[in-house]
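**Q** I'd like to ask you about the structure that follows.
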Amino acid sequence: MNRNPDQNTFPNITLKIIETYLGRVPSVNEYHMLKLQARNIQKITVFNKDIFVSLVKKNKKRFFSDVDTSASEIKDRILSYFSKQTQTYNIGKLFTIIELQSVLVTTYTDILGVLTIKAPNVISSKISYNVTSMEELARDMLNSMNVAVIDKAKVMGRHNVSSLVKNVNKLMEEYLRRHNKSCICYGSYSLYLINPNIRYGDIDILQTNSRTFLIDLAFLIKFITGNNIILSKIPYLRNYMVIKDENDNHIIDSFNIRQDTMNVVPKIFIDNIYIVDPTFQLLNMIKMKTQIDRLEDLSKDPEKFNARMATMLEYVRYTHGIVFDGTRNNMPMKCIIDENNRIVTVTTKDYFSFKKCLVYLDENVLSSDILDLNADTSCDFESVTNSVYLIHDNIMYTYFSNTILLSDKGKVHEISARGLCAHILLYQMLTSGEYKQCLSDLLNSMMNRDKIPIYSHTERDKKPGRHGFINIEKDIIVF
């Protein structure tokens, strides 16, 4: 039986808090389920909605001025959401509403509200790079990698982009400046800060509070546009979340990383924004080119990639004094693949203190073998490398999440060999190890190469798990 609680049965303060929040006397079940949420509920109840409405209006004026929404519509949407619980009787939905309202109440002002106040002066920190001098070299390197054969019948899984991306980009530029200790960017926008001729779409970010930020941003978009906004979590991408609108159009995504990972990511400071060091990004690009769909992207628009490649090459030339004279020494390092066990052995003794690297193509197998080694010194850099690294008895153990290209039966393609070398160099950069000679040889090994056809490729590791999502309109959280 769903009876109302007796006023003398429950502590008056807790009951009053819940009753005020729900706008009704709670049932016995509601009281017992919600009483542990009394502190959060009280914060929501006393929250100054007028100040919050003012902040959202200011965010709208600054970043979404072209969206046709009136101030009264914004206020009505906000007040409607903060009273939604009064018309909700499902306990699960009430918990979702409380959780999401709590995020807004406790974090919105510091995360997005702060963007409406006067910003600190921008510290101009740009260096003039001669990117043009690297364009021909970049084109030559990419041309030798342009070996994918496009299957025209294959449907590519690229996302549709929301018209709000330009508004969110404008907000993100300011967000990156205000929150540069917890949020950094990489990808085309970060290279645009070095070379204004770079074209970019959405802004790629790594941050330490991704979930909270995306919830706050989703609500800001909802209150301004009135659209239902959904946050999705993809199981095969570590700590990744994306905001989409009700038509499944992509607005922004983010990878979450720990603060200790953020601290070791190599980065540079440009106009009050931290970007991932372009050297690191160049290595990651070389690594990702072993992924067959990335090579297909290259074949579709080589000039887009050429501008990015030339920018990164000029950065490493200027920063590290790399000389592009074709001196490759022992690069790429020798790679032997065991296709049955899905392990690639890379000979590293010419460059590093560990004599070889065992690269596992199945993450669960690596985890099991690390346990058998009884070693506790592994490094997990989360989505920054998508891999754990361990050095034990002069052998590096690591996981590689991409496909391995073969140029012949049992022979690792040089594109993948360089990708594996780059993967090892990412570890060296993250741990402040030596990498510059190896980097120089790796880049020089990409010069004056002929195209080598792809014979076949290994499949990527299959990641288990289910998709998670937060549906604001339907009050559902599934993670």
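The backbone N, Cα and C atoms fix where each Cβ goes, and this holds for glycine too.
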**Q** Out of Asp151, Asp253, Asp260, which is the one Swiss-Prot records at the Ca(2+) 2 site of Asp202, Asp204?
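**A** According to Swiss-Prot, the candidate sharing the Ca(2+) 2 site with Asp202, Asp204 is Asp253.
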**Q** Enumerate the residues of the same chain, Asp202, Asp204, Asp253 excluded, that satisfy the criterion Cβ within 8 A of the mean position of the Cβ atoms of the recorded Ca(2+) 2 site; list them in sequence order.
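**A** Those within range, site residues removed, are Gly187, Gly201, Ile203, Ile205, Ile252, Ser254.
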**Q** At a 10 Å cut-off from the C-beta of Asp202 (active site), count the other C-beta atoms across all protein chains.
**A** 21
**Q** Give me the non-local Cβ neighbours of Asp253 (Ca(2+) 2 binding site): same chain, 6+ apart in sequence, Cβ-Cβ under 8 Å, ordered along the sequence.
**A** Asp202, Asp204, Tyr240, Met241, Val242, Ile243
**Q** Please report the three-state DSSP label of Asp202 (active site).
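**A** Reduced to three states, the DSSP call for Asp202 (active site) is coil.
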**Q** Taking the Cβ of Asp204 (Ca(2+) 2 binding site) as the centre, how many other Cβ atoms fall within a 10 Å radius?
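**A** Total other Cβ atoms inside 10 Å, all chains included: 20.
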